[in-house]
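Among the features that TrEMBL reports, coiled coil is placed at 97-128. Summarising the annotation, TrEMBL assigns transmembrane segment to 12-35, 164-184, 205-238, 286-305, 312-329, 376-397.
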Amino acid sequence: MKLIKNEIKKIILSRKYIVAMSIFFALYACMSVLMCKDTINSKPEIALSKNQKNLEYWQKQKEDKNISKKRESEIDQNIKFIERRNKDLKFQIENKNVDWEKRLEKDNNNLKEQLKESEKKGESIEISEYKQQIAVNDYYLNNNIKPTSDYEITAFNVIPKINVLVGLLIISVIIAIMTSDSVSGEFNPSTIKLLLTKPVSRQKVLFSKFMASVLTCILSFLIVKILAFLVLGTVFSFGSFKEPVSFYSRYIADKDLIANTGLGIKPDLNSLKIYSILKLTAFSEVINMLFIMATVSLCLLISTLTKKSSTSISISAILFAIISVLNVRQLDGAGGGNLAIHKVMPYVFSTYSTGEFVISREIIRKIGLEFVNVPFIIIILIAWTIICYLISNFVFVKRDIL
């Protein structure tokens, strides 16, 4: 425990930690401002206008005769989604002055009619969306919870969205800067040699560095998130922690989609779940902690294999920056991507950098492979952590340092 405390002090007092956390804090603040603006721009009138422009864009894209079947299928899905979304927005505009309970009841009646039509046509995507929205409306009504509008800024509404962006874009790079010289950084001042002359095993030294890095990252990120939550809640509103989040917990292969794009899934309609936003956030942080452990473990391995802190930090930061860009490109349906890389993604821990995507199963929908589920994701994160750590331990114990 004393070794871990000493390592935590080293990290916190180091220049790289101050730089990394300053960058993280600044970027988190910028993303908070941008997300608040985006939330305000989610008003039905503004969103409807934007959707009309997006609809025109996708319709023009569809006119291209040289597009692949996969791309054409993606465009068709985007067009249908926007059209469904526009119907919902028009309903919100027409009924904005209606009492929320009556509005939800009216919305459910409309959705049930649309559901019947979709069931006749066998439209699986539409059926799943309508059932999901009906269940959410029923949850609000049965629990007497007034819905929070999409354009209303509340801490519980905005923070999860910020965390998704942070997880996808910057979190792994920040971890790399903070932890990648945990071993290599000790060689230049020769402190590692001094430490190993004491009656402490190399295994304990390495484990203390690993645990110190993990705990420092987890606590540092949590503090920033809690501060952001308190600031947003104080300035605007905290919102209700009972706010529902709905998702399908299981997916099955979609043969039609696989025939067109090479991969594809659809939700198991019997697996619909509803969590409170508080429950979703709590479970998401557990996944985030597992991701941090896996990332630190890989950074520790890189640090163990190199002797210069600048080398280990550069390799780790550049590696994770490239991976972040690839992840965003592969997971963004509109951005295209390589099918071969896409099929490898489930086995790479960096795919699960945002807990909100994992718990809401959004990551499963984006990956498009039916065998991916939360237990599988947890196993992948733990496996990467253990394998990278064991290799680091083997190298560190066998290495000629003295």
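Quick reminder: no glycine exception, Cβ is built from N, Cα and C everywhere.
Averaged across the coiled coil (97-128), pLDDT in this predicted model comes to 90. Note on the transmembrane segment (12-35): residues 158, 161-162, 165-166, 170, 174, 177-178, 181, 216, 220-221, 224-225, 228, 232, 313 of its chain, located 6 or more positions outside it, place their CB under 8 angstroms from a CB of the stretch.
The list of residues near the transmembrane segment (164-184) in space but at least 6 beyond its ends in sequence, with Cβ under 8 angstroms from a Cβ of it, reads 7, 11, 16-17, 19-21, 23-24, 27-28, 31, 35, 192, 206, 209-210, 212-213, 216-217, 220-221, 288, 291-292, 295-296, 299-300, 302-304, 306-309, 311-313, 315-317, 319-321, 323-324, 327-328, 331, 350, 353-357, 392, 396. Stretch with the most C-beta contacts under 8 angstroms to the transmembrane segment (376-397), considering only 205-238, 286-305, 312-329: 286-305. For the transmembrane segment (205-238), the residues of the chain that approach it from at least six positions outside its boundaries are 3-8, 10-12, 17, 21, 24-25, 28-29, 32, 36, 152-156, 158-159, 162-163, 171, 175, 178-179, 182-183, 195-196, 285, 288-289, 292-293, 296-297, 299-300, 304, 389, 392-393, 396-397, judged by C-beta separation under 8 angstroms.
Within the same chain, residues 163, 167, 171-172, 175-176, 179-185, 206, 209-210, 213-214, 217-218, 221, 312, 315-316, 319-320, 349-350, 352-355, 358-359, 377-378, 381-382, 384-386, 388-389, 391-392, 395-396, 399 sit at least 6 positions outside the transmembrane segment (286-305) and bring their C-beta atoms closer than 8 Å to a C-beta of that stretch.
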